[in-house]
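Colleague: Can you keep this structure in mind? I'll have questions shortly.
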There are 2 protein chains.
Amino acid sequence: MKRRAFLKSAGAGAAAAGAGLAVTGVAAPAIAQSQPEIQWRLASSFPKSTDILFGASELIARRVAESTDGKFQIRAFPGGELVPGLQVLDAVQNGSVQCGHTCGYYYVGKDPTFAFDTAIPFGPNARQTTAWFQAGGLELMRAFMKNYNVIQFPAGNTGAQMGGWYRKEIKTVEDFQGLKIRIAGITGQIMSKMGATPTQIAGADVYPALEKGTIDATEFVGPYDDERLGFHQVAKYYYYPGWWEGGPNVSLYVNLQEWEKLPKAYQSILTAACAEANTYMIARYDAENAKALKRLIAKGTLLRGYPRELMEQAHKIAFEYYDELAKTNPNFKTIYESWKPFLDETQLWFRVAELPYDNFMATNSSKK
Amino acid sequence: MKRRAFLKSAGAGAAAAGAGLAVTGVAAPAIAQSQPEIQWRLASSFPKSTDILFGASELIARRVAESTDGKFQIRAFPGGELVPGLQVLDAVQNGSVQCGHTCGYYYVGKDPTFAFDTAIPFGPNARQTTAWFQAGGLELMRAFMKNYNVIQFPAGNTGAQMGGWYRKEIKTVEDFQGLKIRIAGITGQIMSKMGATPTQIAGADVYPALEKGTIDATEFVGPYDDERLGFHQVAKYYYYPGWWEGGPNVSLYVNLQEWEKLPKAYQSILTAACAEANTYMIARYDAENAKALKRLIAKGTLLRGYPRELMEQAHKIAFEYYDELAKTNPNFKTIYESWKPFLDETQLWFRVAELPYDNFMATNSSKK
């Protein structure tokens, strides 16, 4: 019941809420407020080496400083420096940092509902994700996250990711049986139901495990980040698409008490900075992934598409699993009942204008 | 020669420039600056009735006011109130307004290079457009626009548009011969080379002209905006995709002297507000177009895809035309030589991760 209560008030105002302006509301009256000096620490889940992911938090910090003549300072720390990358939520919740740049799906162990903050298999693409937040999804997610003493701001998206590095080709559903793949969370659950053996290995151990064949496959992000980890040196086949990450959102989590202490103008500036980070991250990934993909192919990487029958099986298992979760978890149910119809409705529209255009451009350019 | 000179310095710094941070640079030192009271007028090219297009400029105004405790006020005026919608550039250039929210392709009569600011036929989709700006395109465009006393900020995108309303079906290239379609700019030129008769009609006269058959077809934006104009009542066939507007960007044009007069913090706040408008506009269109499309279909609108051979012919003519323009117009050439390779390179990446994901989701959801 308690879980239900916090979501009750979320529905009514959802339609009116703009993604960026939901919290700060209408224009502030022209009354001068002081500009206090404020210093925050931001714990990122991402290492410096993933410079686009980490760069987005640096952009937020820079934008906030510039917009306040340096009075509101945020210092961004890479994953692991203040807290381990997967414990950013906890650090924000208990106030040991004021904010963190992270992905909700790292915290599905606490509640699978967190996954809607980032991505779940066969979920919306990047544009649909942003549109859903805008159309009421953000308000629902914030009502949920309030339970964790957090207010959340969409602040980055990677676009559709790749489907990982494989030592052997996957030609049929059978090839997935017993496959040892390094993957976690809801996708791990689904792959397990498909007969694979999801494995959890610490970041630094993935490369040697793949090299030795202790695991058969691993996934990470996309060409730009993956190339740096060198997976192409120990696994030949690079699969697409990452059907569990069609448009993963990265969020800024802010401790609620710290948020409420901010002057209205600083709240407004931080909100806009997060929206800018959203635009920045995907734009950089789109440009850099394109270049990195060309380099990987030149180095001998072989691109392979997941067999359609495998994706169809995964899709079926995924939505059966979500239906089950919705039956037992009221938080998940509340979000899912907004998220799923939105996904279906926007899909229809994307099929009409966006996809035929993109497909024409893709097939036409391929002829040259 | 003069036209060439302004572009010379644009190349070197392009790679380092973030779309949002190109102008304001690194974090400002922590020296207190005054917060002067500043009032600006913003001339939009768009009427209030296109509430997402106009809404983006209202969002910019609101964000800037909130972020400065109301000290920097921008008042947004709908198209036609201060200046005609297609003369916003001139008003910004001569300083009669401080800024305007408009589309570069309205000004191709001055120089076809302006089209790169918005969209040209068979150009990048929304994500590619933003990524190109980020990867150096914005710096090139700004070098060009400096000639018009303007600094430009991407501040909205509609996503791929629809291909317009037709009284009769277009089944072959022959059906395009002599077709009277209301369309302007570069697309008009291309359609003319394809045998159609592009026609210019003032906004208010389009509906009666289509009703009477004075014109055979017209184009506007997408389901949400088009529905309000009621074209579905006088033309049955709604074509997709709008191959001349794969991801049109809308920009804020700011008068250069007014920009330079702003305190650094206000410049920073305005820059972030424009980035937020970018996220806002496409998210709202994606949500609202989806709903409007369903309503239009329920009202009897028949969706039709442009014949592939017609699009292939248009594509060929388009790029021949761009190659011609690049030969005679050095501004166009400079931009085109950055834009075209970027389009081709990112296309390759989109074909691998994004499109297979989107296509799977589209075809899978269609089975239900």
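Even glycines carry a Cβ here, placed using N, Cα and C.
Quantities reported herein were computed from a predicted structural model and do not represent experimental measurements.
The substrate binding site annotation in TrEMBL covers A:GLN161, A:ARG182, A:GLU219, A:GLU245. Positions annotated as Na(+) binding site by TrEMBL: A:PHE220.
Set these features in their place in the structure for me.
Modeller: Secondary structure at A:ARG182 (substrate binding site), as computed by DSSP, is strand.
In the three-state DSSP scheme, A:PHE220 (Na(+) binding site) falls into the coil class.
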Colleague: Applying an 8 Å Cβ threshold (strictly under) against chain B, tell me which of the binding-site residues A:GLN161, A:ARG182, A:GLU219, A:PHE220, A:GLU245 fall inside, in sequence order.
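Modeller: In terms of proximity to chain B, the binding-site residues that count are A:GLN161, given in sequence order.
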Colleague: Please report the Cα separation of A:PHE220 (Na(+) binding site) and A:GLN161 (substrate binding site) in Å, rounded to an integer.
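Modeller: Each residue's Cα considered, A:PHE220 (Na(+) binding site) and A:GLN161 (substrate binding site) end up 8 Å apart.
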Colleague: Restricting to the record's substrate-binding residues (A:GLN161, A:ARG182, A:GLU219, A:GLU245), give me the longest CA-CA distance in Å as a whole number.
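Modeller: Across A:GLN161, A:ARG182, A:GLU219, A:GLU245, the widest Cα separation comes out at 15 Å.
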Colleague: Counting Cβ atoms within 10 Å of each candidate's own Cβ, which of the binding-site residues A:GLU219, A:GLU245 comes out highest?
Modeller: A:GLU245
Colleague: Give the number of CB atoms, excluding that of A:ARG182 (substrate binding site) itself, located within 10 Å of its CB.
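Modeller: The answer is 24.
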Colleague: Other than A:GLN161, A:ARG182, A:GLU219, A:GLU245, which residues of the same chain sit close to substrate? List them in sequence order, counting a residue when its Cβ is within 8 Å of the Cβ centroid of the site.
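Modeller: Counting only non-site residues, the set is A:MET162, A:GLY163, A:GLY164, A:ILE183, A:THR187, A:THR218, A:PHE220, A:VAL221, A:GLY242, A:TRP244.
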